[in-house]
Protein chains: 2
Amino acid sequence: MKIKNIEGGVAAPEGYYAAGVRAGIKYKDKYDLAIIMSKVKAKAAAVYTRNLVKAHPLLLNMQHLTDGEAQAIVVNSGNANACMGEPGEKAALEMAVQTAKELGLKTEDILVASTGVIGQPMPMEKIIPGIAKAAASVQELLQTEPDRETKAGTAHEAALAIMTTDLVPKEKAYELECAEGTVKLGIIAKGSGMIHPNMGTMLCFITTDGAFDSEVLGKLLKEAVDKSFNMVTVDGDTSTNDMVLLLANGRSGIRPQGEELRQFREMLDHACVAMAKAIARDGEGATKLIEVQVNGAGTVKDAGQIVKSVCSSSLVKTAIYGQDANWGRILCAAGYSGAVFDPEGTSIYLNGLQVAQDGRAIPFSEDEALELLKNQEIVIRIDLKDGQENAVGWGCDLTHKYVDINADYRT
Amino acid sequence: MKIKNIEGGVAAPEGYYAAGVRAGIKYKDKYDLAIIMSKVKAKAAAVYTRNLVKAHPLLLNMQHLTDGEAQAIVVNSGNANACMGEPGEKAALEMAVQTAKELGLKTEDILVASTGVIGQPMPMEKIIPGIAKAAASVQELLQTEPDRETKAGTAHEAALAIMTTDLVPKEKAYELECAEGTVKLGIIAKGSGMIHPNMGTMLCFITTDGAFDSEVLGKLLKEAVDKSFNMVTVDGDTSTNDMVLLLANGRSGIRPQGEELRQFREMLDHACVAMAKAIARDGEGATKLIEVQVNGAGTVKDAGQIVKSVCSSSLVKTAIYGQDANWGRILCAAGYSGAVFDPEGTSIYLNGLQVAQDGRAIPFSEDEALELLKNQEIVIRIDLKDGQENAVGWGCDLTHKYVDINADYRT
């Protein structure tokens with residue numbers, strides 16, 4: 001395998017700089033505003049929420065990405081800038097204008113992202129100084145060309161700044177050995193609540209120093225998102241603000257082709273799946289990561305529907321929380337998924353232990369099941385006998401803490 | 001209005017008898033087995049779960065209802081008799097055979113229902129004596145023709161016997177004044193967890209002494225279910241066992257036609273909506289009943305989709321639990337419902353207080369909102385400006401107690 005893990009997050013690839021600051025948007029001492037910048041203009045691709053209601057930054061980015069290029073991303077947590085009408089549109093634009101000004105770039109080369117509560121005015125009196133501070137930090141990095149460690153440190157602050165109810169920052173970086181050098185990829189994400197197939201309040205920013213055409217880049221990103229973020233669910237809600245942005249600045253001097261392009265795609269898929277799993281594991285209040293594998297489905301669509309239905313079932317999620325091998329709820333969730341399959345040919349395994357065969361109960365050791373369900377990672381495998389298609393997705397358990405967190409989020 | 005509330009539950013209409021007993025199926029002192037019987041063969045209609053996985057009693061009933069007639073219903077709680085293969089089929093049939101034998105009826109005139117945990121063998125050593133006991137009780141009623149109060153008492157025991165995690169029994173009875181006498185209708189239901197549009201673990205049994213053709217009866221029931229049980233959600237799961245059964249024995253001597261048929265339909269709809277609301281109110285762990293009204297939709301389908309999406313949103317449900325006027329989550333859930341509407345023409349009201357206009361924030365008193373959200377009934381009204389169609393549905397809040405109940409249901 002020519003792909004390896006490296007340090008440095010989104011600033012790991014050549015020619016990227018990132019910084020996070022504490023702007024005091026919602027909490028006093030939390031990193032809450034970040035800028036990610038490429039030294040040169042980059043090809044850019046985006047995937048947005050499928051929610052009919054789209055936050056103001058998303059609508060702005062759609063305009064700014066008509067040329068398929070961008071140079072910097074500005075992002076804040078603590079306020080979603082959604083459902084605010086004209087003042088919301090202005091706030092998103094002002095963030096771009098201010099970031100462009102501070103960094104000496106064009107407004108239309110800035111992408112904007114926000115996450116937090118919906119329907120409240122953006123505190124621009126905090127956002128604008130925050131942008132100035134983050135931009136100054138990025139500018140200093142640009143001018144001093146610091147060592148890898150310093151760059152990694154400020155990139156990590158960017159990963160911190162996009163967190164909301166996340167408990168841990170989510171960042172990774174990878175390197176692919178190509179014939180003429182290495183291509184790097186950095187990624188940060190935030191998730192937690194409201195994550196769903198079709199993306200929950202989920203932000204992900206990806207940087208690479210590989211060189212790609214806009215069209216290839218868009219295709220690569222869409223495919224990776226379908227296999228990763230669109231297969232993760234925390235609570236079944238899909239937010240107004242979700243997006244994944246990918247910048248490719250070509251600074252490695254390498255344009256992957258053929259087998260190398262295939263390997264780059266593998267690296268991108270792997271990075272997105274790693275973030276998707278990290279998001280599920282860090283779901284609001286979650287104590288367990290649930291992976292649902294469906295094998296032997298008649299079609300990919302059927303396999304995917306079953307994965308999503310089982311991952312989303314409140315009854316399955318609470319059973320896993322309670323370490324209860326309640327496979328009936330799993331079969332039941334498959335049954336109402338809308339997928340076509342034969343329940344009487346269905347077998348179910350929990351962390352390798354078979355608990356149902358041909359759609360019915362088989363004897364198994366409850367003690368062994370309980371022991372297996374104490375794991376923090378639960379793999380639910382559902383074997384159909386309808387065909388050759390598979391799907392895999394991720395979710396988390398539904399806990400007391402989830403209710404705690406969401407019963408008083410806004411106030 | 002010619003429809004009035006009366007006492008007596010499913011035994012209120014002429015010629016019906018019901019009894020519930022403690023068979024010790026899961027708990028020692030809980031009523032858990034019931035029989036409802038008509039003195040004469042009745043026309044019968046049924047609506048079943050749309051889950052691909054159907055419990056054994058449902059499959060049996062489909063056979064028994066090919067002639068559109070039935071005379072008694074036997075139902076147990078504590079075990080769902082689902083996903084058990086041949087032993088499950090046999091258990092359902094044995095329940096019908098035994099009930100028929102005890103009551104002197106034909107096996108194919110018995111309908112069977114079960115609710116409880118999936119994938120565990122039916123404890124027939126408890127079920128069979130339970131059936132004998134309940135049948136004896138019904139036989140005694142038949143022979144002694146007791147007063148209304150006694151009949152109502154044993155019918156109430158039937159309502160108790162079908163409960164699982166329900167906190168309160170759900171029963172009603174109504175009377176419609178017709179030109180030539182009165183037509184009565186009795187109804188009992190159980191719900192609580194796993195309730196969803198398309199029916200959760202939800203059982204409902206309806207009796208009437210009106211006379212109807214099978215075809216009319218089936219149509220009336222389907223329409224009533226669409227407006228009531230299919231518009232209620234507790235946790236988004238749809239069970240393998242849900243069904244609504246309607247018996248019409250004609251003992252009133254009245255066959256409603258024209259305006260009287262319209263009024264009967266109104267009574268049936270009203271009865272089903274009353275049960276649906278009672279089920280939502282009694283949702284597992286619920287502290288509040290949520291009613292979602294969508295007005296001004298372009299199509300009935302769009303209106304219904306938005307209702308269900310908002311009712312099912314974990315984020316809306318926890319916000320209501322937390323008495324938080326978080327309308328952004330409501331608009332967001334409408335946005336991902338799949339319905340076509342214009343978010344920028346959407347206004348939202350919480351118990352009459354407007355909290356959003358044209359898809360955006362408007363100033364409102366947080367104190368007033370908090371005061372209104374302290375109510376045990378929360379009406380979320382969503383006004384679109386897309387057309388003339390409306391829909392209404394019900395759900396409940398998502399609470400700590402829901403997690404308590406479902407984390408250790410099976411064990």
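Each Cβ is built from the backbone N, Cα and C atoms, and glycine gets one as well.
Where the annotation comes from TrEMBL, it is an automatic prediction and has not been curated.
The active site, nucleophile annotation in TrEMBL covers B:Thr201. Under the heading substrate binding site, TrEMBL lists B:Thr164, B:Lys190, B:Thr201, B:Glu284, B:Asn406, B:Thr411.
According to its DSSP assignment, B:Lys190 (substrate binding site) is in a strand.
In this entry, B:Asn406 stand out among the recorded positions B:Thr164, B:Lys190, B:Thr201, B:Glu284, B:Asn406 as having a C-beta under 8 A from a C-beta of chain A. Distance from the CA of the residue listed as 'active site, nucleophile' to the CA of B:Glu284 (substrate binding site) is 12 Å.
In the three-state DSSP scheme, B:Thr164 (substrate binding site) falls into the coil class.
When secondary structure is read from DSSP and collapsed to three states, B:Asn406 (substrate binding site) falls in the helix class.
Cβ packing within 10 Å was compared across the recorded positions B:Thr164, B:Thr201, B:Asn406, and the lowest neighbour count falls to B:Thr164. A straight line from the CA of B:Asn406 (substrate binding site) to the CA of the residue listed as 'active site, nucleophile' spans 14 Å. B:Lys190 (substrate binding site) sits 8 Å from B:Thr201 (active site, nucleophile), counting Cα to Cα. Packing around B:Lys190 (substrate binding site) is summarised by its Cβ count: 28 other Cβ atoms lie within 10 angstroms of its Cβ, all protein chains included.
B:Glu284 (substrate binding site) counts 28 other C-beta atoms within 10 Å of its own C-beta, drawing on all protein chains shown.
Here B:Thr201 (active site, nucleophile) is positioned 10 angstrom away from B:Thr164 (substrate binding site), judged by their C-alpha atoms.
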